[in-house]
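Novice: Below are the features I grabbed from TrEMBL:
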- 5-238: domain 'NAD/GMP synthase' (DOMAIN)
- Gly27, Val28, Ser29, Gly30, Gly31, Leu32, Asp33, Ser34, Thr136, Lys165, Ser187: ATP binding site (BINDING)
- Asp33, Glu141: Mg(2+) binding site (BINDING)
- Arg116, Lys149, Asp156, His233, Lys234: deamido-NAD(+) binding site (BINDING)
Amino acid sequence: MKEKVTAIVTWLRKQVALSHTKGLVVGVSGGLDSAVVAFLIKKAFPNQSISVIMPIKSNPVDMAHAKQVNEACGIKEMTIDLTSIHEAMFSRICKELNEDINDDNRRLADANLRARLRMSTLYTVATNYNYLVVGTDNKAEWYTGYFTKYGDGGVDLLPLIDLTKEEVRKMAEFLGVPKEVIEKEPSADLWEGQTDEIEMGTTYDMIDAYLNGHPIPIEHENIIKTMHKRTEHKRNIPTPFYFTE
Ligand SMILES: Nc1ncnc2c1ncn2[C@@H]1O[C@H](COP(=O)(O)OP(=O)(O)OC[C@H]2O[C@@H]([n+]3cccc(C(=O)O)c3)[C@H](O)[C@@H]2O)[C@@H](O)[C@H]1O
Ligand SMILES: Nc1ncnc2c1ncn2[C@@H]1O[C@H](COP(=O)(O)OP(=O)(O)OP(=O)(O)O)[C@@H](O)[C@H]1O
Ligand SMILES: [Mg+2]
């Protein structure tokens, strides 16, 4: 695990040098993936790394875990509460949509706006310090497209992209991430009671096994393949039109 940590830290430093920027910023949620990224960017840039905690009607336990993570790795911390901003923006948009409002999609639209407000906040902080924005997506989330396009997927670097969820957990143990964070259930915290595995209809263990080339039950394989296919657009640049077409 030490070699993997060193490889990522070296790569992070190289990306900052290549981009002529000065450091790195990440949003820390109290979950596993962002905890690992916070530890890694603090290792790469002890004095030029920032963790931003951005509650939006968030569970106080998660926010306490986020603080615990920052304290454990000693990274510079900022808290920017986006609850009232999210409420104002979402209600203004819904007011305009009026009778067109689609109740089935309302929760998802509300949730994706949270992820995109966090992205905008991170880029505002990044611009101020001349830093890059670091994403937290792991191999399982990236493959299944389980992220918000231009939300938590709107980042400059993806250091965990080649690690399964289990490998992220092992790295967290190696780095000294608090055990409450390592043991909790993965959640996007985009609505009350949300857990990744309930929403996806499969588990990270299944996705990890599939990505490692191991056989899994056909119903899980089908869910994973469908998610991958439907989210292809998220892993590509916007579809361009050329007059030469
Ligand atoms: N074929 C296509 N080509 C080009 N663009 C296409 C498209 N199909 C949809 N789109 C566009 O993409 C949009 C749908 O994508 P998107 O906005 O991402 O939304 P969507 O994939 O529907 O929702 C995001 C999912 O990621 C989950 N999530 C989000 C954030 C964090 C985490 C976490 O684990 O922490 C998980 C969330 O719970 C939800 O299940 C559509 O509104 C449309 O604009
Ligand atoms: N309240 C928050 N404050 C700051 N950043 C957040 C917050 N909620 C979500 N994020 C950002 O969105 C990312 C995506 O969330 P995701 O749930 O996939 O990761 P995680 O919470 O770090 O780990 P886990 O998947 O185990 O819950 C987070 O890693 C973090 O960068
Ligand atoms: Mg989470």
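Each residue's number is its place along the chain shown, starting with 1.
Quick reminder: no glycine exception, Cβ is built from N, Cα and C everywhere.
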Novice: Counting across all protein chains present, how many other Cβ atoms fall within 10 Å of the Cβ of Asp156 (deamido-NAD(+) binding site)?
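Specialist: Around Asp156 (deamido-NAD(+) binding site), other Cβ atoms within 10 Å: 18.
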Novice: According to DSSP, which of helix, strand or coil covers Lys234 (deamido-NAD(+) binding site)?
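Specialist: DSSP assigns Lys234 (deamido-NAD(+) binding site) to helix.
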Novice: Could you check which of the binding-site residues Arg116, Glu141, Lys234 is the closest Cα neighbour of Gly31 (ATP binding site)?
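Specialist: Nearest in space to Gly31 (ATP binding site), counting only the binding-site residues, is Glu141.
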Novice: Looking only at Arg116, Lys149, His233, Lys234, the binding-site residues on record, which one has the least crowded Cβ, with the fewest other Cβ atoms within 10 Å?
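Specialist: Minimum Cβ neighbour count within 10 Å, taken over the binding-site residues Arg116, Lys149, His233, Lys234, occurs at His233.
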Novice: What whole-number distance in angstrom separates the two most remote CA atoms of the ATP-binding residues Gly27, Val28, Ser29, Gly30, Gly31, Leu32, Asp33, Ser34, Thr136, Lys165, Ser187?
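Specialist: Among the residues the record ties to ATP, max Cα distance equals 18 Å.
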Novice: Could you check the binding-site residues Asp33, Glu141 and say which one's CB has the most other CB atoms within 10 Å?
Specialist: Glu141
Novice: Given Thr136, Lys149, Ser187 as the binding-site residues, which ones have a Cβ positioned under 6 Å from some atom of ligand 2?
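Specialist: Thr136, Ser187, by Cβ distance under 6 Å.
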Novice: Near Ser29 (ATP binding site), how many other Cβ atoms are within 10 Å of its Cβ?
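Specialist: Result for Ser29 (ATP binding site): 25 other Cβ atoms within 10 Å.
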Novice: State the three-class DSSP label for Gly27 (ATP binding site), counting H, G and I as helix, E and B as strand, and everything else as coil.
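Specialist: Reduced to three states, the DSSP call for Gly27 (ATP binding site) is strand.
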